[in-house]
């Protein structure tokens, strides 16, 4: 008989909305690199590549952060006892193995980058998170590279359009990383993490986060300047940007950690589908 609490615990351990976003970013990279929709099998392969790479990093994060989460998020699967540390390690190994298998199906460069960025995720969770902003850069570069992964799947990773969208994703994620750190100050102090909010305060950190979000919005119009996309992209990316800026203002003004975390997650869930449909629209219209 299924233990539904255990299943729920494993799902929460992965934080599925974040690996889902990574998978979508890989598909975006495929579409941008090709200039057309790839086959379903290629999209699926790219999606699971990004999903499992991100998912394994999420699990490692909880394994290394169990003591911090006892303060910041005691309801998380590990500190609450819903999932044991041994179960989490086994689960991380399975997810990592599935991701590596998907990389093998793509090719040697995909395997090399999978291993490199898995190690980056491991080192970040083990040690570099304590370095504050440098840890944030580690994560955001990895997330920005998901777009390049998509280019690798279709054998065109270094096109200028792929790199521009990679920069957009990098800036968006770095903004989110800094905002998320403002929610974790007490636990980060316990682990001696020199995060930006600890060094300069929550308010200044949120202004930095908002500035990065605004910069991402500006970069999103570069594909129009370079004539990669047309009117349909302009309309949909502008709508997406209005949503991003609205939620960014809500996040900036949030007075509680619970509301702040809600807006951080909502930004992820709204922004990436918006980017996706903006790019797809250019292929249809």
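Numbering starts at 1 and runs along the chain as displayed.
For all residues, glycine too, the Cβ spot is worked out from N, Cα and C.
TrEMBL does not curate its annotations; it predicts them automatically.
It is 158-174, from the ranges 56-72, 158-174, that TrEMBL records as transmembrane segment. Transmembrane segment is the annotation TrEMBL gives to one range among 33-52, 133-152, and that range is 133-152. Note on the transmembrane segment (88-121): residues 10, 13-14, 45, 48-49, 51-53, 55-57, 59-60, 62-63, 77-78, 138, 141-142, 145, 149, 152-153, 157 of its chain, located 6 or more positions outside it, place their CB under 8 angstroms from a CB of the stretch. Beyond the ends of the transmembrane segment (206-226), by six or more residues, the same chain brings 160-161, 164-165, 167-168, 171-172, 174-176, 178-179, 182, 196, 233-234, 237, 240-241, 244-245, 248-249, 251-252, 275 to within a C-beta distance below 8 angstroms of the stretch. Outside the transmembrane segment (158-174), and at least 6 residues removed from its termini, the chain residues within Cβ reach (under 8 Å) are 25, 28-29, 32-33, 136-137, 139-141, 143-148, 150-151, 212-213, 215-216, 219-220, 222-223, 226, 228, 244, 271, 275, 279. Residues 22, 25-33, 46, 49-50, 54, 57, 106-107, 109-110, 113, 117, 120-121, 123-124, 158-159, 162-163, 165-167, 169-171, 173-174, 177-178, 181, 193, 195-196 of the same chain sit 6 or more residues outside the transmembrane segment (133-152) yet have a Cβ under 8 Å from a Cβ within it. If one looks beyond the transmembrane segment (264-284) by at least 6 residues along the same chain, the residues whose Cβ comes under 8 Å of a Cβ in the stretch are 17-18, 21, 24-25, 27-28, 31-32, 35-37, 165, 168, 172, 176, 179-180, 183, 220, 229-230, 232-233, 235-237, 239-240, 243-244, 247-248, 251.
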